[in-house]
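K.L.:
Annotation comment: TrEMBL describes 134-156 as compositional bias 'Basic and acidic residues'. TrEMBL lists 15-63 with the feature domain 'ATPase AAA-type core'. Residues or ranges marked as domain 'AAA+ ATPase At3g28540-like C-terminal' in TrEMBL: 65-138. The feature region 'Disordered' is assigned by TrEMBL to 132-162. The signal peptide annotation in TrEMBL covers 1-25.
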Amino acid sequence: MVGVIYITNWVLQLTLSGLLNFIDGLWSSCGDERIIVFTTNHKDRLDPALLRAGRMDVHIHLSYCTTSGFRILASNYLGIDGGGNNPHPLCGEIEGLIESAEVTPAEVAEELMKSDDADDALQGLVSFLKRKKAESNKTEDESEESTEKAKRQKTDEGEETE
């Protein structure tokens, strides 16, 4: 396994062994006070030696935005109560879209910051969520089409060899 580490403007190519030696060297040279942050979109692809206790002691999953996350963001940025007794009329639609669209809290916050007017900001968020959902559906459809095409091609090749 070869990894790439970005340190400011440097790019280093390392083997897994080299990376582990590098990390262990930082551990031994820093005493008790050390924080190293690793990020990945594919934790399942990492070698267990890298994930073991002592190398990575805390794992934090940063998920897509949830309805409760949206409520907190709406309260913080717009001062509105997203899920209370008197929610904004668009909150229900937004919560339904957030459940089906994969958006990060940062993307939601960015949309909410575009206007100080709650109606404008929430309407912009609705439009954004609908676009994201359409893009996601299009990507899924394209993926299904390519899978079906590959299956047909494999079937056709199997028929030709018989």
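Placement of Cβ uses the backbone N, Cα and C atoms for every residue, glycine included.
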K.L.:
Mind tallying the domain 'ATPase AAA-type core' (15-63) by DSSP state, helix then strand then coil?
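P.N.:
Final tally across the stretch: 21 helix, 1 strand, 27 coil.
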K.L.:
Looking only at the domain 'ATPase AAA-type core' (15-63), what is the model's average confidence as pLDDT?
P.N.:
79
